[in-house]
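J.: Before I ask anything, let me first share the structure, which is written out below as structure tokens.
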């Protein structure tokens, strides 16, 4: 049984977060349950700007979304390429794994003209054994190495689990968090079948003191604050970007489908499951339904939305003309997506507060769930928390929220082609989804960080990245694009792959000029490949 305090704290998607950045504000939402209580003013100079209702008549400007008058951070020009380090670059012992290979790899990347590296900083390693005890040694060494080669670092605050037990790389949540989850299973997301996800702590308890007296948001904030204090001499100089993890795989979404399944070739069968059956999410849903005077809407997720069917047209909820577009469907999907949006907003507020004045850009990542993009209801996006359908743009609210805090947007699947995907699944459209996300980012003039979903070195995939980067930045003065290549591994330093990759890096830095497909001379090719061969002799990443 929830305490009265807990019930009040999670009754609404707009329950007041444990922050004091925003001034009291008259506010109206069509659902009374979504009304936020007044918030205390803040003395913080960055976040004390007024919040107000958006007076725009633009129909895309949802009336229930807060508008914050926050200054954007200064923007830097260029289309740099970063390379993600192996996920297990730092081991359980807290030290760099395969240090010799790391040194050779960074030297080769610097020679190739790569701007920097992406370093995932795992909550499950740094704060592994006990709360508020942090071990940064391995990450400090990586940043120092990067600096010695003139490389920049983008640090990912990875508050999620990597892989599953038995995988070659398995990095779970901190041991003490997993113990709390064992003692209180409702800290984990749950679907209608009672299957629980250990990838990320349920956002339903974001502001409740369920982790040894701290809320999850407080635990994430303490982690980021300690990172800032530990790496203060590198911030804005070597460390130029912070990506804030907001869900499974670091993406702002629900774990509607296990992350490892999203890499499988038959993933297009996955509709996903709504993750609203832990007691905290159910309490919020129930409170919102009661405020609407529709108690029966608060008992769980939609009926007839089962992933077991694996064909959206065989489900009552997702099929064309299904209940997703009824008053009940719209109520549920709005509640579900706004809970996710509020989670993202809480983390944005904390990150901006913590890293203000440090000289780093802050970013957050969206998932690339494209395999039902050609349907009316977009099932896999809905179950992940993106209320995006054929008649509603679900990415504009997210882009608008990022713009309030000067957060860069990161998106994936830049190397994927519709022509290739549609041979496996005619309903898929990675290019269509990516264009929609880019247009949302463009509307709010967000710098964009692109990623590939898989390491592919064929000319078609690399040219597709060039094409999509040109689509975003061409003709829009001041809109910045950069690319995170996922990820560094032995295959990157294969002779032919390395030659293609270095040519790609130069093309990205050549003002996104697709015509810049010049061949390297033999001498130049040998020069850049020599470093790769040296890496290959020491490289043991697989």
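Placement of Cβ uses the backbone N, Cα and C atoms for every residue, glycine included.
Since we're looking at a predicted model, the values are computed, not measured.
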J.: Checking feature assignment: region 'Disordered' per TrEMBL, candidates 42-70, 71-99. Which range matches?
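T.: Within the set 42-70, 71-99, TrEMBL attaches region 'Disordered' to 42-70.
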J.: Roughly how many Å separate the Cα of residue 451 (active site, proton acceptor) from that of residue 251 (active site, proton donor), to the nearest whole number?
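T.: Here the two Cα atoms lie 12 Å apart.
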J.: Drop a 10 Å sphere on every Cβ of the active-site residues 251, 451 and tell me which sphere holds the fewest other Cβ atoms.
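T.: Fewest other Cβ atoms within 10 Å, among the active-site residues 251, 451, is found for 451.
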